[in-house]
Ligand SMILES: Nc1ncnc2c1ncn2[C@@H]1O[C@H](COP(=O)(O)OP(=O)(O)OP(=O)(O)O)[C@@H](O)[C@H]1O
C-alpha cells in the first residue's frame, strides 16, 4: 500500500491490518480483479495483499435498518387472485388427498394398532415394574452397596430404598384401584354401549400406540416421497452442492450448510414452493441458473418444475428458487382473463398467459412490432390469434390479418377485421401488397400530421392514448398480422417489395401507431428478413430445434445467455420465451383460446366497435378503396404515354414519374419521391438510366427510367400475362 494516498505521516501496522483482515469477510482471490492500489482513490475500500478489508457501514443502526430491503407484507401467494386460488387449490388437493387416503385405511390402521396392544400392555407393565423397583439404577446401587463399609450407613441406604419401593408400590396400587373403579363404572354404570365401546377401543388404541414398532409404521404414506422428496433446506443445499461450482463447493466444505443462507423459510407460492437463498460470496445466481438441469437432478424433480431466478434488486448472489408442483405442460392452461368479459387498451399491458409460477404475464402491443417463431404445431398461430383478439378488444384498433398458410384459424376474426385474407394465391398476395403500400402512405400521412399538431395535443410527437381515440385525426392504432410470413417474404414477384415495405413499417410504424406482427414456422434469415428481425421489439419463441433459430427469434446471443427455447419439449404447447416486454425474458404459457371461444370474443369486440362507431373495412362490408390489381410497373405504364412530347427519347426522370403516380393514384403514391420510385421498381429488375433534359437553355442530368425497359420488364413479369410461359 502506498503511503501517498493517506499522507506521508501515516504508517500502517501491517500485522494489525492482517489480523483485522482475518476477522473480516473473506473475498476469494481473483487475479483478474486484483486491486491495483496505485490507482485506487481515497474512497475505495482499503486493501492489503490484494484483498479487500471489510467495509464498515458507519451509518447509525436506525439508518441501516431504514435502508435495508423491506420484506413483503403479504406472502407471494396472497398477492393476487390467481396465486391465492392456486395456493388454495393446492392445499385442498394435498390435504384432501391425504385425508381420503388415510380415511379409507382407518380400519386397517386400527387393526394394526389393536394387534400391537398386548405388546403395549407388556411395555406398560415392564415400565411400571422398572419404576417401582428402580431397575435402571440396579448397577449403580450394587456398586454403592458394595463399597459401603459402615454398617449403619448400609442399613440406612437399605431402609431408604425399601421406603421408596413401598411408596411407589402404594402409588401404583392406588392408580390400579382408580383404573379398576373407572372400568367398573364404565361397564356397570354407563348405559350407552357406544360410549363403552368407544372408551374400550380408545384404551386399546392407546395400548397399541405404546406397542408401536418404529420399523413397521402403522400408517402408510399418502404421497410417494421416494419419487419426489420433500423440498427441505437440506435437499436444496445438497442439490446446490452437486452443481459442480468450485466456489460454492469450497464454501460448503468449509462452512457446511451454513455457507448457504435461507433468507426466509421455504414457503408456498402459487402452485409450488419458493425458497430465497443467499449464495456464498462470489457465487452468482446466474451460475446456478446455467446449471438448471443439474439442479433439477439434485432436487429429484423434472426439469419443467425447477425454476431458479435472480433477484437483481437485492444482489447478484440472491437466488430465488421456485419449485412447481407440476411442470408447465402438465398444468392446465390458465383461462384468459378477457375471454368472457372486459375490454383491452393496447397502450396498456394485456394479459396473454401465466408464467411457471402461475403469475400473470402481460404484453403491451402499442409502440412495438413483434415476431413469433416455432417449429410446426407448437401453438404459434394460437398465440398470434390471441394477440389479435386482445387488440380486437380495443375497439380503436384497425386489424389487418393475413394468414398466408391458408385455413380457418383467423376466420373468427372476420367480424372485426378491417382487412383479412387467408392463403397465398396471387390475388391474396396482391391484395396484401396493396394493403402494405397503403400502410406506408398512411404512415407518412401520420408523421406529417403529427408535425402540424400543437404541443399540447401531441406532446411527444407520437400517437398518444387520447390522440388515438380522437376520430378527427385518424390516428387510431393499426395492427398488421402475418402468419407464416415466409410465404410473402419469399414471394418470387413481390417478395423484395414486401420485405422493403414491412421493414419500413416495422422501423418507422410503431411511433405513429402501426404495429406489425409476423409469425413463422421456419425462423431463418430468408423467412424473417434482417431488417424486420432486428427491429422487432417483442419476440415470442415457442419450441425451436437449434441455436440459430433460437437467436433468430429471440435475438443475438440469447442462446448463450441461457435463454433457450430449444429446451421446450414437444408437449410444451403454447409455452414460449417472451423477450422485450420487461427487462428480462420470461417464460409464458399462453392462455388457450380455441376457435369457438375466439368467435365469442370477436362477437363481443364487434359489438363494442359498433357501439363506438369504430367498425370499418371488410367487417363493415367495405372493400379496400383501391381494388386495382396492378403493380407499380402497371401504374407507371398508365401514366406514361408512348408518345410523350416533353420526353421524346422515351426516358423520363424518376422525380417526374413520382409526381405523375401521385396525381393518378394519391391513395398509393402521395408524397413519393424519385428515389422511392427507383427503389420500388428495382425488385422487378428495372434499372435506372441517366436522362438529359434541357431546362432554361441548360442541360440537366438526373436518374430516370426508360419506357422500353418498362414494357420489356412488364412482358416478363405480368402475372398471367401473354408472355408468361
Ligand atoms: N396455449 C396453449 N395451450 C395448450 N395447447 C395449445 C396452446 N396453443 C396451442 N395449443 C395446441 O397446439 C396445437 C397447435 O397450435 P397451432 O395451430 O397454433 O400451432 P402452429 O405452431 O401454428 O402450427 P403450424 O406450424 O402447423 O401452423 C393446437 O391444436 C392447440 O390444441
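Using the three backbone atoms N, Cα and C, a Cβ is placed for every residue, glycine included.
Bear in mind that TrEMBL entries carry predicted annotations, made automatically and left uncurated.
As annotated by TrEMBL, region 'Disordered' applies to 1-47 (among others).
According to TrEMBL, the compositional bias 'Basic and acidic residues' annotation covers 15-36.
Residues annotated as transmembrane segment in TrEMBL: 167-187. If you look at the transmembrane segment (167-187), the same-chain residues 6 or more away from its ends with a CB under 8 A from one of its CBs are 128, 131-132, 195-196, 199-200.
For the domain 'FtsK' (358-551), the predicted model reports an average pLDDT of 93. According to TrEMBL, the domain 'FtsK' annotation covers 358-551.
According to TrEMBL, the ATP binding site annotation covers 374, 375, 376, 377, 378, 379, 380, 381. Other Cβ atoms within 10 Å of the Cβ of residue 377 (ATP binding site) number 12 in total over all chains.
Under the heading region 'Disordered', TrEMBL lists 700-725 (among others).
If you draw a 10 Å sphere around the CB of residue 376 (ATP binding site), it holds 11 other CB atoms from the protein chains shown. Considering only the binding-site residues 374, 375, 378, the Cβ with the fewest other Cβ atoms within 10 Å is that of 375. Surrounding the centroid of the Cβ atoms of 374, 375, 376, 377, 378, 379, 380, 381, where the record places ATP, the chain contributes additional residues within 8 Å, namely 521, 542, 543.
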